[in-house]
């Protein structure tokens, strides 16, 4: 993954913060929607799958877990593929895989076959779209990055609002097999989003400043030096604990309502409520995170969001009727939206732009292990106790614990770096150096925060969107 994975573009390109970036944001919005909403939306088919194959709650919960585990666990593989082939080809192939998995799943005759098709193949396809789209988004936006991350993250609740009732309708009209087939066709839209991912290139420079071919060949595919950063280690640990319980309530809330005796359509409407609230929570939280006095303390806002989410799970465990579940979904949608809007923004703030692609792949890999444990364990607990209260309590404790690990770890273990003075003399001197120097030192090592500040202050033109035959299809 090296310094910058995306399309192997030269470092030091100033983010356009607009232009074609809005098209990239739209593509990322759709990809995020499919990637995160799909594992939850397929839960509306669980009752039918239980009746069809004679399995338990824990068995069907594995479908969502495998989807999420593939989305997270293949992070390093996705980074290497992007580094080798570019974002656009990887996303096009990923869209085909995602569609093919659901189409084949519609012909399956056992739950294990569904694990391999709807779980592994579709999950791999979504992963090959999700990570490249995030990397491209964070290269196109800098000053507006919190807002861009919030808007793209809103794709998850928007698609959840649409896919959950749509899945219920498809199941009623065509059965779960017909529903899987139609959803597989919809996933081909990932290929369209992949076509929007055009690489950035900096303004043309003289031959003396061009990076030698030998140096390009030596770039690392995966940079493990991020583990030397204490902030990254704390974030990875906290995120891994968080995902143990974060995805459990959305997976089981529909079944919870059905077991209370409510109709399938009414039960599925709970996910629509959750998603509708989530739609507004994510961009609003992104705007708040972009405020001058909030952005330097974004990690603590993220910790608050996780505590809020965990507390909501604990309160939701006391729900005994449909009204209680509606209230739970409203507050869960707010807290879940805050977590979704901030998780990658905080990671970027911790490791910096240059190491983001390495960091996100390794974080997703660590989270994959937790995802494989969370929902299946909750399903097994439900099979043993037949009480959803315990499932929600365990999920709430896990998410709250992760918030405490992140907040306390950063407060006590991470030393704050003194703010760099921005005097007029220093700014004038830096501008003079930028104008006079013809060559950038090859092995300059700087802090990630300094890199981002330099890119913001540098009076260089924004990078232009180009079509590079080596990185585009």
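We count from 1, first residue shown onward.
Note that Cβ sites are derived from N, Cα and C of the backbone, with glycine treated the same way.
These come from Swiss-Prot:
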REGION    421-447  region 'Disordered'
REGION    427-449  region 'Basolateral sorting signal'
REGION    449-473  region 'Basolateral sorting signal'
TOPO_DOM  1-17  topological domain 'Cytoplasmic'
TOPO_DOM  39-61  topological domain 'Extracellular'
TOPO_DOM  83-91  topological domain 'Cytoplasmic'
TOPO_DOM  137-149  topological domain 'Cytoplasmic'
TOPO_DOM  171-179  topological domain 'Extracellular'
TOPO_DOM  201-231  topological domain 'Cytoplasmic'
TOPO_DOM  253-268  topological domain 'Extracellular'
TOPO_DOM  290-297  topological domain 'Cytoplasmic'
TOPO_DOM  343-358  topological domain 'Cytoplasmic'
TOPO_DOM  380-388  topological domain 'Extracellular'
TOPO_DOM  410-473  topological domain 'Cytoplasmic'
TRANSMEM  18-38  transmembrane segment
TRANSMEM  62-82  transmembrane segment
TRANSMEM  92-112  transmembrane segment
TRANSMEM  116-136  transmembrane segment
TRANSMEM  150-170  transmembrane segment
TRANSMEM  180-200  transmembrane segment
TRANSMEM  232-252  transmembrane segment
TRANSMEM  269-289  transmembrane segment
TRANSMEM  298-318  transmembrane segment
TRANSMEM  322-342  transmembrane segment
TRANSMEM  359-379  transmembrane segment
TRANSMEM  389-409  transmembrane segment
What residues elsewhere in the chain lie close to the topological domain 'Extracellular' (253-268), defined as a C-beta under 8 angstroms and at least 6 residues from its ends? 43-44, 46-47, 57, 164-165, 167-168, 172, 274, 319-322, 325, 328-329, 388
Could you tell me what the rest of the chain brings near the transmembrane segment (389-409), counting residues at least six beyond its ends with Cβ under 8 Å? 234-235, 237-242, 244-246, 248-249, 252, 299-300, 302-307, 309-314, 316-318, 374, 378, 381-382
Using DSSP, tally how many residues of the topological domain 'Cytoplasmic' (137-149) sit in helix, strand and coil. 9 helix, 0 strand, 4 coil
Excluding the flanking five residues on each side, which residues at least 6 beyond the ends of the topological domain 'Extracellular' (380-388) place their CB within less than 8 Å of a CB in that stretch? 56-58, 252, 256, 259, 317, 394
Seg_contact(the transmembrane segment (150-170), the transmembrane segment (18-38)) with at least 3 CB pairs under 8 angstroms, min sep 6: yes
Counting Cβ pairs under 8 Å that sit 6 or more residues apart, are there three or more between the transmembrane segment (116-136) and the transmembrane segment (232-252)? no
Is the number of Cβ-Cβ pairs under 8 Å between the transmembrane segment (180-200) and the transmembrane segment (92-112) three or more, considering only pairs separated by 6 or more positions? yes
